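*Asks:* I have a structure here, written as structure tokens, and I will follow up with some questions on it.
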Amino acid sequence: MTATEAKNRKINVGDGDDVVDIEIPDTAHQISSDSWFQVAFVLTTGINSAYVLGYSGTIMVPLGWIGGVVGLLIATAISLYANTLIAKLHEFGGRRHIRYRDLAGFIYGRKAYHLTWGLQYVNLFMINCGFIILAGSALKAVYVLFRDDHTMKLPHFIAIAGLICAIFAIGIPHLSALGVWLGVSTFLSLIYIVVAIVLSVRDGVKTPSRDYEIQGSSLSKLFTITGAAANLVFAFNTGMLPEIQATVRQPVVKNMMKALYFQFTAGVLPMYAVTFIGYWAYGSSTSTYLLNSVNGPLWVKALANVSAILQSVISLHIFASPTYEYMDTKYGIKGNPFAIKNLLFRIMARGGYIAVSTLISALLPFLGDFMSLTGAVSTFPLTFILANHMYYKAKNNKLNAMQKLWHWLNVVFFSLMSVAAAIAAVRLIAVDSKNFHVFADL
């Protein structure tokens, strides 16, 4: 279905006696056009983004072997479960909920619509700031491989990364238009993951003695472990599942479930490999950006870093797409996306959004802290608290007493985790802000 066809119309869904009318809300972007496999690649691109190069340092170092391995496995299972709850509600009430806020508003009312949009916007904004920091850090890593004059600092590279992201955003009108870029993204992911694994194994074999002890005082350990728990859920969740599900063809629930099963089985294996092997090789000294820890030929490290830069640009576009869709729909962008009028609009709107994101990224370039805070204030509420309560609310009459209790236990537990992780993340940012000035060259 093209953008111009998606105008609050109804379509028939189902076979035989099960045919129902499903209302399609207004949107300027293309929906219902992608196969489940393409959607699976969108999800896998997110889970194996350049963020995976940070998990050895931001998850395994604070949690250690037992906590890290068990935590990742549990986070995988509960994230799959929470995402399936959201996916099953996509056509709840005879309407396709192509935005997270639409679903929340339909179930709870107008206030929940605005609250969910606010949470989601913060979630995606911080994720995108993280991608710009990642791309800038990778760009700096390439620079210092060949020049060690320190003339250019991290904020300069973050600015360059932001410019690249803006150019890409202007050229790709909507999520479905990524097309071949998803294949490019997968190829780029394989490059930096394989390089990181091979060089880590080589370093690990050469350096048999490593320290895996969790560092710091009892109080600092408590805060870093809590922050790492937020990183665990951040690793697996997009916070924009309905927006991604909107692009999949009918039957949307069945096809989305296929995509989710792919993401949480085959899709997580590269992430597991680079996370565990990186920590095995360097122990508690693992950098929050793994390619800064590895040793090897300059050209190989440069190739991996360039791949991380380009993949971050593609990933950012995925996570920024709900914001772009909102702007395009609100201001009535119609017709050929490459018409001069539409190009100028994207230059102003998307360029402005990325400019603000780039400024914040350069101002506070603490990647691990961004991941912890994002997981705490938005991933926990959106993916776990809201998903369980929405499902409970929507399916209340069909749930038995034990199922209702189960969903309420999830709501309470993840609410407590969200508060604790937010406190830990704010403390981490406060500590780093004391140790480093704004626009720091990390």
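Counting begins at 1 with the first residue displayed.
Every residue, even glycine, has its Cβ placed from backbone N, Cα and C.
Reproduced below are the annotations present in Swiss-Prot:
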type     : residues : note
TRANSMEM : 35-55    : transmembrane segment
TRANSMEM : 58-78    : transmembrane segment
TRANSMEM : 124-144  : transmembrane segment
TRANSMEM : 157-177  : transmembrane segment
TRANSMEM : 178-198  : transmembrane segment
TRANSMEM : 222-242  : transmembrane segment
TRANSMEM : 260-280  : transmembrane segment
TRANSMEM : 302-322  : transmembrane segment
TRANSMEM : 351-371  : transmembrane segment
TRANSMEM : 372-392  : transmembrane segment
TRANSMEM : 411-431  : transmembrane segment
*Asks:* If I count Cβ-Cβ pairs under 8 A between the transmembrane segment (260-280) and each of 35-55, 178-198, 302-322, 411-431, which range comes out on top?
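*Replies:* By Cβ pairs under 8 Å, 35-55 leads among 35-55, 178-198, 302-322, 411-431.
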*Asks:* Quick check for me: are there 3+ Cβ pairs below 8 Å between the transmembrane segment (124-144) and the transmembrane segment (178-198), leaving out pairs under 6 residues apart?
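*Replies:* These two stretches do not touch.
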*Asks:* Can you find at least 3 Cβ pairs under 8 Å between the transmembrane segment (58-78) and the transmembrane segment (222-242), where each pair is 6 or more residues apart in sequence?
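*Replies:* Between the transmembrane segment (222-242) and the transmembrane segment (58-78), which are separate recorded stretches, there is contact, as judged by 3 or more close Cβ pairs.
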*Asks:* State the non-local partners of the transmembrane segment (302-322) in its own chain: residues 6+ outside its ends, Cβ under 8 Å from one of its Cβ atoms.
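*Replies:* Here the qualifying positions are 29, 42, 45-46, 49-50, 53, 99-100, 120, 124, 127-128, 131-132, 134-135, 138-139, 141-142, 145-146, 161, 164-165, 168-169, 172, 174-175, 178, 181-182, 184-185, 188-189, 191-192, 195-196, 238, 240, 243, 291, 350, 353-354.
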*Asks:* Would the transmembrane segment (222-242) count as touching the transmembrane segment (157-177), if touching means at least three Cβ pairs under 8 Å and pairs must be 6 or more apart in sequence?
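*Replies:* They do not touch: fewer than three Cβ pairs between the two stretches lie under 8 Å.
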*Asks:* Can you work out which residues elsewhere in the same chain, 6+ from the ends of the transmembrane segment (178-198), have a Cβ less than 8 Å from its Cβ atoms?
*Replies:* 38, 41-42, 44-45, 48-50, 52-53, 172, 270, 273-274, 277-278, 290-291, 294, 296, 300-301, 303-305, 307-308, 310-311, 314-315, 317-318
